[in-house]
Amino acid sequence: MEPILAPNPNRFVIFPIQYYDIWNMYKKAEASFWTVEEVDISKDINDWNKLTPDEKYFIKHVLAFFAASDGIVNENLAERFCTEVQITEARCFYGFQMAIENIHSEMYSLLIDTYVKDSNEKNYLFNAIETMPCVKKKADWAQKWIHDSAGYGERLIAFAAVEGIFFSGSFASIFWLKKRGLMPGLTFSNELISRDEGLHCDFACLMFKHLLYPPSEETVRSIITDAVSIEQEFLTAALPVKLIGMNCEMMKTYIEFVADRLISELGFKKIYNVTNPFDFMENISLEGKTNFFEKRVGEYQKMGVMSQEDNHFSLDVDF
């Protein structure tokens, strides 16, 4: 039995902290909280109306995938991870992650609602898991892992792949629009969401390091390469990025680059050994590490949450 999954009678009380590295991840997530009301999408409509039909088609399908996927991640957290993991610090993170995923889902739904005026098309996009085969394939893969009988370690890798690989190419495609100076609301929300997902992915890697009996390297490689092939097919065949003027072969390479970064973070050898083909993704590539986080995307970070000085109470102060 993994220690982090073992029955823990102290799980209802936060202090004393036992796992400081996990607790610090929770505080980092807390410091980056945001809401959809803080994203101004009013200027997007002018840009939206100037996009080509292909560009609109691409963005709508990407948003449809995103709108559904956060709910799938949350279902896994609610049904599996939150009940399995018994250490309080990780439960704090997972609870906060669920709130953040709801905000992501609301943001994507609001973007669809703003850009798409036809109610039938809206319904089609909101029900992408049933209506779009390319989205269904990714959703089915993620949902399969919620109900899989595999151990926590394997499912941890699968959902790290969902958040680290299944989202990566779509994030890159929206950053490509930012490079062109288009859709400021969409691209700003993409910065916030990609930062959050990078942190969630880092958290999965941290939890993996706490396992005493992790899955084998062969198992990890199998899950990650499976996710890579599905994501490559999604963005080069089902919903090709050439629709927005991106190079499909470079996108394939980028997804492999992101997968290598993930598997390295898990402590294993790289699979693809490729370099990042997108210079504009240099600081983003779902690294989720402090260098990206501390940029405080859009200068946004909750005041004082990460400030250590505020946490000390002294009776020596002159009142």
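Each Cβ is built from the backbone N, Cα and C atoms, and glycine gets one as well.
Since this is a predicted model, take the numbers as computed values, not measurements.
Annotated Fe cation 1 binding site per Swiss-Prot: Asp70, Glu101, His104, in sequence order. There are 24 other CB atoms within 10 A of the CB of Asp70 (Fe cation 1 binding site), with all protein chains counted.
DSSP assigns Glu197 (Fe cation 2 binding site) to a helical segment in the three-state reduction. What Swiss-Prot records for Glu101, Glu163, Glu197, His200 is Fe cation 2 binding site.
What Swiss-Prot lists as active site is Tyr108. According to DSSP, Tyr108 (active site) is assigned to a helical segment.
Positions annotated as region 'Interaction with R1' by Swiss-Prot: 313-319.
Around the Cβ of Glu101 (Fe cation 1 binding site), the number of neighbouring Cβ atoms within 10 Å comes to 23.
Taking the Cα atom of each, His104 (Fe cation 1 binding site) and Glu197 (Fe cation 2 binding site) are about 10 angstrom apart. For the region 'Interaction with R1' (313-319), the model gives a mean pLDDT of 45. Neighbour count (other Cβ atoms within 10 Å of the Cβ, all protein chains): 23 for His104 (Fe cation 1 binding site).
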